[in-house]
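These notes concern the structure reproduced below.
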Amino acid sequence: MLRSLPASLALVAAFASKASAHAAFWDKSMYGFNVTAQTFPYDNRPQVPLYNMTFDQWWFHGHKDYPPNEGDFFELPAGGEVNSIISCDKGATPFYESSPGGDSGYGSNSPCPGQPMSEYHTTGIDDVKGCCMAIAYKPDVNDVQPDDFVVFSCNSTCVWEMNTKFEIPKLPACPEGGCHCAWFWIHSYDSGAEQIYMNGFKCKVTGDVGTQPLGKPAVPRRCGADPDHGKPDPTPGNCTIGAKTPMYWYQREGNNMFEDTYDAPYYNPLYGFNDGAQNDIFMDGVIASLASSGTGSSPTSTVDSSSSAAAASTSYPAQPTSSTQDAPGSSAYPSSSSDSVNSPTTQPYPASSASSTSEAQTTPAAVPTSVATEASSSPIASTTVDEAVVSSSTVGSINPTRSCKPRPSGVAAQKKKRKHARHLHNAH
């Protein structure tokens, strides 16, 4: 029996390693702070990846009914910086005492102490793709919609260390009751399956707060140098400048990004997110080439499709359409309407001309009715929406698991794998 003990311990250690993979933002201000693997019918701990889920399952990680204690806020010092805790395991953070397994490595600055880099989806520091924080100026979590969030800070070397700094722009004060924030991460395509990470938390702006309201956010666009896809030079005219939304990708419904399996969107310069505070968030988001030409001064400007390659939607700049993607996702946020419209897809590879921002044919992006019609008192700059385009998603419930989604097979997928030299032997 004693001989079998080391083998048993090895098995337990291996299981523990697998169970604590992936990463999450950890703070007492977060939703789902005390959620365990047994809270839901499926493993829905904060560090579990999100993919192919219904809107209610991925939005705030499905943790809206597990709020922080009254008065717990993550403080954002206006014009300063803040330290955040990002880890694969709550037990490896300063909050280990409330972890079901207790202390599992606290004291290390690794996001996953004692585990290989594949557990936090990277092959090395050159393979990290960045993460971000976004803010919504609404105190009631049930009022927060996807387009309310504005990305205000990015860290381009994330996930790499447990202690991760975020620079804070001169944000205006939150309303009474505070703001809502969220941490977002999409890892490298060559270090795991296609998925996103989102953890919501209560936050408030402190210190010498600003007075300028945030602009109306627009969807980010692929515009940076992309040598892996034969684009050695950036296409700045294709960037979204100004306030930008987070990137909602690879879900069953609620996507605003439609890149395919091997073209993941990232919170780095490839999508117009520079490292540090996003100090352009005080202007409305708009496609750079349209702004420079004066064609569109704000994302609600209507562009004549007969004279421009880009047509604007009724709320944000239209994204170019492309062929059907492998990623599952409906084109709009859930609504009660029985009507539906086609949603645009983002262009993984911008046109060769810097002045061209999309394909000739575009379709308007659907937005939630509440976003298009709500009169908000938040410091997000108001814009006029000519018409609310509403879509419905009537997708049935699914049964997600914490395991990463298997990759597509077939000749095309295998060619893509070989082309990009994927490192799949330790992927999750």
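Backbone N, Cα and C atoms are what each Cβ position is placed from, and that goes for glycine too.
Region 'Disordered' is the annotation Swiss-Prot gives to one range among 48-71, 216-239, and that range is 216-239. In this structure the alpha carbons, written CA, of ASN155 (N-linked glycosylation site) and CYS174 (disulfide bond) are 23 Å apart. Nearest Cα neighbour of ASN52 (N-linked glycosylation site) among the listed recorded positions (ASN34, CYS88, CYS112): CYS88. In terms of Cα distance, the disulfide-bonded residues that sit within 10 Å of CYS203 (disulfide bond) are CYS179, chosen from CYS88, CYS179, CYS239.
Note: the CA-CA distance between CYS112 (disulfide bond) and CYS181 (disulfide bond) rounds to 24 Å. CYS239 (disulfide bond) is 29 Å away from CYS174 (disulfide bond) when you measure Cα to Cα. Taking the disulfide-bonded residues CYS131, CYS223 in turn and counting surrounding C-beta atoms within 10 angstroms, the largest count is reached at CYS131. Under the three-state DSSP scheme, CYS181 (disulfide bond) falls in the strand class.
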